Amino acid sequence: MASFIRLGVLALMLVLAACGQRGSREARTDGGLPVGRGGQGLGGTCAGQQSFLIGSGIHDITGPAAEVGMMGYVELKQQTAGIHQRLRSRAFVIASPCNGKRVVFVSADLGMVFQGVKQEVVRRLKAAFGPLYSDDNVLLSATHTHSGPGGYSHYALYNLSTFGFEPRNFELIVQGIYQSIVRAHEHLAPGHITLAAGDLPDASRNRSPEAYQLNPPEERARYADDTDKRMTLLRFTKDSGAEVGLINWFAVHPTSMGQENRYISGDNKGYASYLFEKAKGTRYDATGDTFVAAFAQANEGDVTPNIFGGEDGGGRDDFESTALSGRKQYERAASLYASASQPLTGGVDFRHVYVKMDDVEVRPAFTGGPPAHTCTAAFGLSMLSGAEDGPGVGGGEGATCAAIHDLWSAFTCTTTTTACQAEKPIVLEMGSMKPFPWSPEVLPLQLVTLGNVALVAVPFELTTMAGRRLRETVRARLEPAGVTEVVIAGLSNAYAGYVATREEYARQEYEGASTQFGPWTLAALQQEFDALAVALREGVSVSPGPTPRDLCHQQGRLRPGVLLDDKPLWARFGGVFSDAREAYSRGETVRVTFWGGHPKNNPRLQGTFLRVQRRAGLLWEDVAYDWDWETKYTWRRSYCMPTLACSHVLIEWAIPPDAVPGTYRIVHEGDWKSGWDGRVRPYRGTSRTFTVE
């Protein structure tokens, strides 16, 4: 996220708008079925137990496919203009009969899971299930794709590039996550979980090696690489033998798709999930039980998939680079899945606390010296430069107050930088904005144990070494109680930037400049998670902490919705503007353009904007949809007279090498909005038939 400051003026233009779909806004409660904050600690009645109740669910969360700013790179010009991959929410519910506790884990194809999303999802779960699900036992994590529509945060900082709040996208995301959890809940059945872990080389690279090298040499010597190559995988199988799915964690940014991309995409992790689910026959349009493969995020803060430097992932274009990275993750996960044999033993447990991250007093045990304090949230100057795989507008990374190299640094270090933020030349102090901070400061920290595996859920992007230190803090407390694997679940339950180590922070690369709460943020996290781990191990309660503000009804937007759709008098919606050829060979690409409507009229959730069909006797059978890798759905405005509100929809199908020879056609399905009565009506268009040889 490279250029928030140049967008700052937009926040002053926001107007009030509604959000969410629920009128009541209940206060936070600690309810849960026996989610009690205490318990018997690790072990107890669950010691040695290998039986769980497990269920999985998947649901579409693809937002507006045209004219909405994407969330990730924060480039005004990067507006959605089509679909290459649909975005999904992948949910797992895991319960342990031995103690009656359960947790939800969700991996969503999103840039971030913002705090407002978690608040609304939990509200809906409580409305449906009472105290069974709460903040405490629901863990929502983002993959961090940079190619999804934005505008779904309740904090101004993250809505700048979308010109404010996008209520439709917020609702699609919340409802999709909620529905995926409901499906997982409904599919609960006795089963077991097995663990496998192993390295994945040549799929990631540290994008800030100079900062990493500032960590103590004796600490660096403990690790073979400057990124975490380890992939950790959980395999879920019902006692009936049915395969439920998998979750794996591997640290790498989904930035294979670059800043010029305008197609909605799950990026490399989305493609890896697609490959695994395709191999297992997952039905995305089904409401019943189906296989779910979640490629979740870990401590990817300084980790890029572009292993050849800069924005180079090894492919001829972003699509090929995405495929290369995604396939590496898929193939390693497939081998781990096949070999996963170590059973998880023990029960399910969790601890959750809200912490005011700009006001944490950090004890000497965690600073390695005198007490320290976290700071009011602020960005440093180097944040404007972006990371090397997402360049911004600044003059380069590494701008510090200790090494001033330009007038801007000198100005910010003299006039705006605080002693608390140390080396950081402050360019934007979003934590002091009125009437509300531009980013959240009361943040959720969550620790979950699934048998002998611990998940450390943080609302940040941790660098490689920051993640290692936090894992070791938790491991030191839980390993004596039987925990053998500790995983960072990054970008979980809220979002507030990066966390670098104290040494990396001093360098003020992109990650350090984006560590909002100052140089002792990691130490503060270690202190708080140390307390959570002790409480979980000993079975004692923790205070819930301060209640985060709910800004659902404080949202604003500048961009209107669709006013109307138009077409030339001689055309019809769904009519063909440019047709297919009569014949193609495998390896060629079919392109058909239709007169269409704006995709904002209907996102076709759990559906599709396109179908590739093959003739089978007297019938037509679908062979590809808008979520398949070989298809692209592209929307573009066509300025026809007199309303300038016409749309062209381009459907592309790259014919796979293994396509069955035969007769095919392209079908486009969409919706158009009348300028006379405001109603939205469906339409359907079909290309000519063509042969594939």
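Note that Cβ sites are derived from N, Cα and C of the backbone, with glycine treated the same way.
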Of Tyr212, Tyr495, Tyr498, Tyr505, the one that TrEMBL places in the same Zn(2+) site as His144, His253, Glu461 is Tyr498
A correct count of other C-beta atoms within 10 Å of the C-beta of Glu461 (Zn(2+) binding site) gives 29
By a three-class reduction of DSSP, His144 (Zn(2+) binding site) is assigned coil
Mean per-residue pLDDT in the domain 'Neutral/alkaline non-lysosomal ceramidase N-terminal' (52-527) works out to 95
Ordered by sequence, the long-range same-chain Cβ contacts of His144 (Zn(2+) binding site) under 8 Å (at least 6 apart) are Gly72, Leu110, Gly111, Met112, His253, Pro254, Lys269, Gln297, Glu300, Glu461, Gly490, Leu491
